[in-house]
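Enquirer: Let me give you the structure first, and then I'll get to my questions.
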Amino acid sequence: MNRAALGWLALLLVFMGSTVIYLGWKMSRTPDTGASALEVDTSYRNVPMSSNEPMLTQFELTERSGKKVSSTDLDGRVYVTNFFFSSCPGTCLLQNQKVQEIQREFGKQGVQFVSITCDPEIDTPARLREYAHKLSADEKEWWFATGDLTYIRRIAGEIYKAPLDKQTHVDMYFVTDKWGNVRGHFEWNQLAKITEMKSLLAKLLTESEEPAEFKQDDSKTSESSESATNAPSAETSAKSNEEPSVTAEVDSKPESASSLEVATP
């Protein structure tokens, strides 16, 4: 082989080596957001997110069918809620495959399943229809819901006490009874916890009356609300001709969201 050929071969090898090094460096700097959950915003611990709004106790979202669905539609039914995003092929998919298994056992008994996306920009109703179809999810027994991300974060934090952000999820199923009370949360990837959850579901299906402890809580909340609404304001009475004063902030702050572990597939 002559010197010219050797020179070109050496130059080619140098070019190929440089290309491999560059591609390796570039891939190491590019996050694969579709393959795993992003780190949760750990600053989201206090709820409600806005002090000007009451704590959420119910929710309304858009189901994969395009129809609006509400937690009030489930009054009188036991239901299981989880959070996911469709572009996650790891933990979320395994979690929903486990839902599929439980749904086959309890769906016909009247338990509803509600899977809420935390990536609504990507997870449109059309995208959720495709995702649900792959899981052979019954549209009546298993909802796939989307909506505004901030609102979904509030649902997770204020109703289920779970911190949530875009493309994150928690390794939990949340069980709600016929009267809208969250009765438990269970790690989906622990067999013992799934067994406990199934036992709870069977128990809740047989309940015909709301447990006394929840009735007492409802009564206290109702009395507190009624008192706050009907109590006359001394300042307003004394200054009836002046501009109304701003309502004072309630002393007792809402319970902060628990630091449930956020999963990474």
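Placement of Cβ uses the backbone N, Cα and C atoms for every residue, glycine included.
Take a look at what TrEMBL says about it:
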BINDING   C88, C92  Cu cation binding site
COMPBIAS  212-223  compositional bias 'Basic and acidic residues'
COMPBIAS  224-239  compositional bias 'Polar residues'
COMPBIAS  255-265  compositional bias 'Polar residues'
DISULFID  C88-C92  disulfide bond
DOMAIN    50-206  domain 'Thioredoxin'
REGION    209-265  region 'Disordered'
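I'm curious about the neighbourhood of these features; can you describe it?
Expert: According to DSSP, C92 (Cu cation binding site) is assigned to a helical segment. Within 10 Å of the C-beta of C92 (Cu cation binding site) there are 26 other C-beta atoms, taking all protein chains into account.
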Enquirer: So for C88 (Cu cation binding site), how many other CB atoms are inside 10 Å of its CB?
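Expert: I get 26 for this one.
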